[in-house]
Amino acid sequence: MKLARPILRRFASFSSPFEPDRVAKNPLSINAAKELHAYLIRTQRHDDASLLSSVIRAYCLSPFHLHKAHLIFNQIKRPTLLNFNAMIRCFSQSSQPVEAIKMYHKMHRFQGFSGDNTTFIFVLKACARVLDVRTGQKIHVHAVKLGFDSYLYVANVLIHMYCCCGDLNFARKVFDTMGERDLVSWNSLICGYSQCKKFKELLGLFSAMQEANVKADAVTMVKVVLACCYTGNMDLVDSLVEYIEENCIHIDVYLGNTLIDVYGKRGLAHLAREVFDRMLERNLVSWNALIKGYIKVGQFVEAREVFDSMKQRDVISWTSMITGYCQANQFKEALKLFQDMMVAKVVPDEVTVVTVLSACANLGALDFGQAVHDYICKHRIRADVYVGNSLIHMYCKCGVVERALEVFHDMKEKDSVSWTSVISGLAVNGFADSALEYFSQMVKEGVRPTYGCFIGVLFACTHAGWVDKGLEYFESMEKVHGLIPEMKHYGCVVDLLSRSGYLERAYEFIKRMPVKPDVVVWRILLSSAKLHGNVVLAEIATNKLLELDPSNSGNYVLLSNTYASSDRWDAATKMRELMEGNNVQKPSGWSSIELGK
């Protein structure tokens, strides 16, 4: 009883016919709405549409009380248009937009209300969210019959609805028939063109917008800049930046991130940094985009400074830096950063582990690679085809072919890269028979061989000394599989013939090549000529190499050693003198091996 009196005093004046209107104009707090609702229940007025309007509206403003609003609405005998609009509005903005459409149909069919501009705005927004263009068209017809389609806000939401549903023709018709347009009208259609990848039409619409003297905002500029990127119109991007400056358009986080990304991809890291420094608000995307921009142009010191200054990092931040180090052949730094990532307890994704496994393969870091493999299995990282291929490549590069085959056979999905990695790995590690067996199995399973696959096959034949078989595979490239041999394949054949002692055949093959031999092909011949003591071919190959690659010390050294092997010491000395006279430096040899992990 102590609670009843203050509540009665608080709502004592509700019996006045003027008070409900005053309450309806001023939204109540949740607590006040609950008190009013309780009071109306006690006074047997819980089905009064006018008195409950403010309660429904208060509940509708809170997503957690939407079900209460719906419950109260269903208790009203004769809901008003205001009640319907409140329910349609809250459902259209909730996780149940389809209920807004149902509420509209209930209002239209059973209650006899035609609706007003508020009704059409929110029911059309609901249609846009559920991509129901057919219902949207019917509601559009209702709006036209009642004359609400001429309202600016209704027309704008019609454009938005049609664009969301991918019907740009109807969206453009609505836009073209509008007597009045505002920035939202232009942006709605521009966003629709962007969503449907109609980038040329988007740029044309932006030009018309400028002719109409409508000032763009950040939303407009994001879509226009992206359209320029997709159409390759980078010159226009520079003029858009001038437009942003001249019109004092606020660079929000979305526009800023877009510009940073565009400048980064164009290799203009300094301009990306200028935009970054101007932004008042930044998010993780901003920092990550700037890091990628620096990595794109090889400025790893600057990228690492940005990375180190981040207060918060996500998997993209770490992966971007790790990938950057790998691209710069700084594989040790990549693995060190991955270890730091593990300490920071950031869970890597497929891209991260693929990159790290690539670094392990290049370093021959078997223990590290196995640890990454164990981590993938333990934490159930999605082992897609790219992860599987990276594991195969890593194990093959480290000489553990058995594990590579285990990974290959455990893969649920395989592509041509998977087969190529296994075939090449077996060939490099001396398992020529197995390499050719897997090639035959691949062809039987209908997987089309790649250029890289034939390099592995030819490599296997070379190391096994199978000259005739190797030549058969080479000829089958174009005749059977429709692959025109590239320079690497010609080099493999030259190597195949040369290693087997058929130097003259190798030289004749080079002369018949349909493409001009590169330095690799001539160096293969030179190495084999030195091995077999063929001074004449060694001189021919060296002369070609001195034309194509005069600064490479290996060319001079190989011929000098060939002369020395044939006891032609004067010629060997002259070759060394020629090397010194041309100021060609011989780099020191080095190698690496993993010790103690």
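Placed from the backbone N, Cα and C atoms, the Cβ positions cover glycine too.
Unlike curated entries, TrEMBL annotations are predicted automatically.
Here's what TrEMBL has on this protein:
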- 182-216: repeat 'PPR' (REPEAT)
- 252-282: repeat 'PPR' (REPEAT)
- 283-313: repeat 'PPR' (REPEAT)
- 314-348: repeat 'PPR' (REPEAT)
- 384-414: repeat 'PPR' (REPEAT)
- 415-449: repeat 'PPR' (REPEAT)
- Query: How many helix, strand and coil residues does the repeat 'PPR' (252-282) contain under DSSP?
  - Reply: 23 helix, 0 strand, 8 coil
- Sequence-remote partners of the repeat 'PPR' (384-414) [C-beta within less than 8 Å, at least six residues beyond its ends]: 350, 353-354, 357-358, 360-362, 364-366, 369-370, 373, 376, 421-422, 424-426, 428-429, 431, 447
- Note on the structure: Tertiary contacts of the repeat 'PPR' (252-282), defined by C-beta under 8 angstroms and 6+ residue spacing from its ends, are 218-219, 221-222, 225-226, 229, 234, 237, 241, 244, 289-290, 292-294, 296-297, 299, 302
- By Cβ distance under 8 Å, which residues at least 6 away from the ends of the repeat 'PPR' (314-348) in the same chain are close to it? 284, 287-288, 291-292, 295, 298, 300, 303-304, 307, 355-356, 358-360, 362-363, 365, 368, 375, 379, 381
- Query: Under the DSSP assignment, what numbers of helix, strand and coil residues are found in the repeat 'PPR' (182-216)?
  - Reply: 26 helix, 0 strand, 9 coil
- Could you break down the residues of the repeat 'PPR' (283-313) into DSSP helix, strand and coil, giving a count for each? 22 helix, 0 strand, 9 coil
